[in-house]
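Novice: Dropping the structure in here first, questions after.
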Amino acid sequence: MSHNDTIVAQATPPGRGGVGILRISGLNAKKVAQTVLGKLPKPRYADYLPFKDADGATLDQGIALWFPGPNSFTGEDVLELQGHGGPVILDLLLKRILTIPGVRIARPGEFSERAFLNDKLDLAQAEAIADLIDASSEQAARSALNSLQGAFSARVNHLVEALTHLRIYVEAAIDFPDEEIDFLSDGKIEAQLNGVIADLDAVRAEARQGSLLREGMKVVIAGRPNAGKSSLLNALAGREAAIVTDIAGTTRDVLREHIHIDGMPLHVIDTAGLRDASDEVERIGIERAWQEIEQADRVLFMVDGTTTDAVDPGDIWPDFIARLPKNLPITVVRNKADITGEMLGISEVNGHSLVRLSARTGEGVDVLRNHLKQSMGFDTNMEGGFLARRRHLQALAEAAEHLEQGKAQLLGAWAGELLAEELRLAQQSLSEITGEFTSDDLLGRIFSSFCIGK
């Protein structure tokens, strides 16, 4: 589909509501205004007008807002019609607009896409719009707004600027060896490179926090039947989300709860008790349990403390530990401390965390909550943060790898050409976050800021 088309879409959620909004963007937005409203409203003023059908009959009446480009969200001419929120009324108005030549229904996200293509937003800001809408906590909403206002992009652009400056010196030393420029060996390049690496590490740490706010942590509660898995789910959720009985195998399918711990989203999954089951339904539930375990960020290995004194997961159930994916973090949860009399709290056993609690009474559950938060490195005191997506983390990781490779080339062999290439690749990875990378970016900067002939 062409970006020269004029697009229209409903900007408010489907269904009944007090107000329904249609948004139009493109070259023919002016024609839509003149056809449906009979006039072109004064720019950026609210105008109360009837919305007319082709035969002149009034379909609805409401507020019309006219934003001529480029001073609009998309950078194009934009018309916004705010009428009553009945689905029939909005559908009639939408059908009327679509009869105007050159107007079509917008694709999902196309208004934001046009804003990006017209340099009204960079890619990270455009993504932040969706993140702000989908935010599931106050902290996530604030961080998404920070990203929309350019906080993340500013950090990335600062790194790109520093890399551009560094590349100027490196490439000058390579291309003009007779000009007595010896930046490769006098320590300046190394010092600047170390500074960029340190700044990148700081951005990566913030991005990991932002990713946690957006993606959350997937925690699977697993163990034998009657270990108290469903009771723990209820304790973490603060409500009776799962049925709890003394009958082994009560939970036969996956149960999911979405909760927050001091702003960090947590996807808690209760699974069927793991055992050799003859019942077909229970067997399917156990298969699903293993599927969830394999995709988890952390497994809470639930142990009935009344059945064993062991604390090492390898001693408690070696077959279970052997089947777990390699490097999957495990927290052993010894349950029923109210019966065994064990001291509540957390400790370390052979590289695994061990939490003693009572899911039935709730004692020790706060210790587990804090452990989950700390195990993911979540900082509840983070101010002015931003949201980040998995692709952002990947791009930052790639940039960090290129910088470390470049540093190795600099210190190991004084290989300026290889260093320059790693710096270029690092800059490209960073610029992919904002969508601003072009291969010609560096050329103009070199000739405008560095006097070679001096």
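Our numbering is plain: 1 for the first residue shown, then up by one each step along the chain.
The backbone N, Cα and C atoms fix where each Cβ goes, glycine too.
Remember, it's a predicted structure, so these values are computed and weren't measured experimentally.
Grabbed the feature section from Swiss-Prot, which reads as follows:
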BINDING   R23, E80, K120, K454  (6S)-5-formyl-5,6,7,8-tetrahydrofolate binding site
DOMAIN    216-377  domain 'TrmE-type G'
BINDING   N226, T245, I247, T250  K(+) binding site
BINDING   226-231, 245-251, 270-273, 335-338, 358-360  GTP binding site
BINDING   S230, T251  Mg(2+) binding site
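Thinking about packing and proximity, how do these listed features fit into the structure?
Specialist: Following the DSSP three-state reduction, the secondary structure of R23 ((6S)-5-formyl-5,6,7,8-tetrahydrofolate binding site) is strand. Under a cutoff of 8 A between CB atoms, and with a sequence separation of 6+ in the same chain, the neighbours of R23 ((6S)-5-formyl-5,6,7,8-tetrahydrofolate binding site) are V8, A9, Q10, A11, V78, L79, E80, L81, F111.
Taken residue by residue with DSSP, N226 (K(+) binding site) is part of neither helix nor strand, so it is coil. Cβ neighbour count for N226 (K(+) binding site): 20 (other Cβ atoms within 10 Å of its Cβ, all protein chains included).
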Novice: For the domain 'TrmE-type G' (216-377), what's the mean pLDDT in this predicted model?
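Specialist: Result for the domain 'TrmE-type G' (216-377): average pLDDT 85.
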Novice: Compute the C-alpha separation of K229 (GTP binding site) from K120 ((6S)-5-formyl-5,6,7,8-tetrahydrofolate binding site), stating it in Å without decimals.
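Specialist: Rounded to the nearest whole number, the Cα-Cα distance is 50 Å.
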Novice: Please report how many Å separate the Cα atom of S230 (Mg(2+) binding site) from that of A272 (GTP binding site), as a whole number.
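Specialist: Answer for this pair: 9 Å between alpha carbons.
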Novice: Rounded to a whole angstrom, what is the C-alpha distance between K120 ((6S)-5-formyl-5,6,7,8-tetrahydrofolate binding site) and A272 (GTP binding site)?
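Specialist: Here the two Cα atoms are 50 Å apart.
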Novice: In this structure, which of the binding-site residues K120, K229, K336 has the fewest other Cβ atoms within 10 Å of its Cβ?
Specialist: K120
